[in-house]
């Protein structure tokens, strides 16, 4: 039974680490690091059991699992506390449920069942197996990877879950201290098992609620982006409509003016003809060539037209030539989400630069047979903070603004692409390079 317990606990540790590997960038890819982490965790578990410190062992195991996550993945402190508290809470909950069931079946108190030691590995094996089954069912039903990514990005909801997990764990550990009371053993055992079941049920309900709220918030944000893009498209359409009307008027005036120019030239009135040609040139510059194209993609051009107007308002030098080749996996919706996020961040960063002569946003693009690359550069104050997942931020309100680049990175990587971030604090230049694979 001891061997079975070791195998089950090993499996639980490995599946837990692989789960977080799917959600967070890794610091170390080699399998040896994972072997060391799992071995360290198993050793600490048996060490706490050997010195007979079950309650202390719970906290030690939780802290050690947090250390493992920190060493293996790029993960922030809140996500770290979520992973550590969840790992031990569910395992602890099911172990106490199994212990209580054994106590009821044997007609003994929980403390006697634990002291005898005959059933310990059986209890632990059943608890670990139940934990893995529960974990699998929850992840398949209410917490699939896509929804969990949304929860991990929503710090407010995640913080609520973390607080609840720590509170429930503290509550159950406090309840367990009553195992030393000999009076009314049946009452305490029933209280213990009900407390564990209610705690699990409460956690599942809160999980479901926070995941749903996170989904709705991202849906709202997504809808807002589409609404903003629709407004950009309408402004772009009206500007283009005005451009075509001006061109039509210019074409009519141009024909009349050329007739006049020809007549003046025939009459040798060169100076008047030259003046009329200058007027034609000025009219063309003001009325016809005022419309600029920043991209060959209609959606992206509308976004860039809107950004150009915003840059003019805030005295930001703007230049863009962004070509999006065909045969890429980048959909129109992806274009809206990617460039809206990047350029919104770029404008905000430029506005913080005190010297308006140093404000700039520059967009360039290139492509070969296999890849399409878009590079967005902008000025910033030089102040930057590296986050635990390798991304950067200069924003103070991380509750609302902390996941723009994270969403962008996920979109690009889901398309099989790569996003590179360069922050030159000396030249105060921030650059994002987006590489998207092209399909034949």
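Even glycines carry a Cβ here, placed using N, Cα and C.
Those TrEMBL annotations? Automatic predictions, nothing curated.
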* Structure fact -> Checking 140-157, 158-175 against TrEMBL, the stretch recorded as transmembrane segment is 158-175
* Structure fact -> Expected hit for transmembrane segment in TrEMBL across 54-73, 214-233 is 54-73
* Structure fact -> Answer key: the stretch among 31-48, 54-73, 85-106, 118-138, 158-175 with most Cβ pairs under 8 A to the transmembrane segment (187-207) is 85-106
* Using a Cβ-Cβ cut-off of under 8 Å, list the residues of the same chain that are 6+ residues beyond the ends of the transmembrane segment (158-175) and lie near it. => 55, 58, 78-79, 81-82, 85-86, 88-89, 92-93, 96, 151-152, 191-192, 195-196, 199, 202-203, 206-207, 210
* Beyond the flanks of the transmembrane segment (85-106) by 6 or more, those residues with Cβ under 8 Å of it -> 12, 16, 58, 61-62, 65, 112-114, 119, 123-124, 126-128, 130-131, 134-135, 162, 165-166, 168-169, 172-173, 176, 185-186, 189-190, 192-193, 196-197, 199-200, 203
* Structure fact -> Contact set of the transmembrane segment (54-73) with the rest of its chain, CB cutoff 8 A exclusive, min separation 6+ beyond the ends, reads 16-17, 20-21, 24-28, 33-34, 37, 40-41, 44-45, 48, 80-81, 83-85, 87-88, 92, 114, 169, 173, 176-177
